[in-house]
């Protein structure tokens, strides 16, 4: 929200304050102004890569949730901060490290973690059955959901978010590996792409910074919410 647009809301609100006492008018105006100025800083808003306004599309998919076998879409996660990751349960290193560090980020959030969902989309649905995927995801934290889909469903979501994945054969056909992208996509409560976490698969994960970013993302609408509330008072 710009200062100009915020100022218009404040002006409209104050125009309706004629019947209120001077003290009340002054208090409302000060609170609104502080709210506006708080959100109008030139400092970087996030530590992670900011995807706000990027060409990356909003959250959209159709998959099967491993926990209950239900067909789910992005609408099932509306109102939550959603983290999207592509991996597989037989992954020997990157996937468990990334998910363990993601769980650490959620742990830093404390009670706020209830407003977050981590979606682990398997790129190996042949081996990642519902049972296997459910056990894997739930081992990290209650906020983790394992998702699997048909070849078409997986292909669609991977293409949508430009996720590369390819099977690397092994002498033992059952022990193939899958090479895949390792970043974590973060979507806001409205399903808009906002952040990209890129350190959670490294020896130096930015746990504190990522937790701070998620917390800030959860709270970012409070200024707009306050101004809308003030405008509705009269």
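Cβ coordinates are placed from backbone N, Cα and C, and glycine is handled just like the others.
All TrEMBL annotations are machine predictions without curation.
Marked as Cu cation binding site by TrEMBL: 91, 95, 180. In the structure as shown, the Cβ atom of residue 95 (Cu cation binding site) sits within 10 Å of 23 other Cβ atoms. In the three-state DSSP scheme, residue 95 (Cu cation binding site) is classed as helix.
Note: residue 91 (Cu cation binding site) has non-local neighbours 177, 178, i.e. same-chain residues 6+ apart with C-beta under 8 A of its own C-beta. If you look up TrEMBL, you'll see 91-95 marked as disulfide bond.
Among the features that TrEMBL reports, domain 'Thioredoxin' is placed at 50-223.
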Cβ neighbour count (within 10 Å, all chains shown) around residue 180 (Cu cation binding site): 22
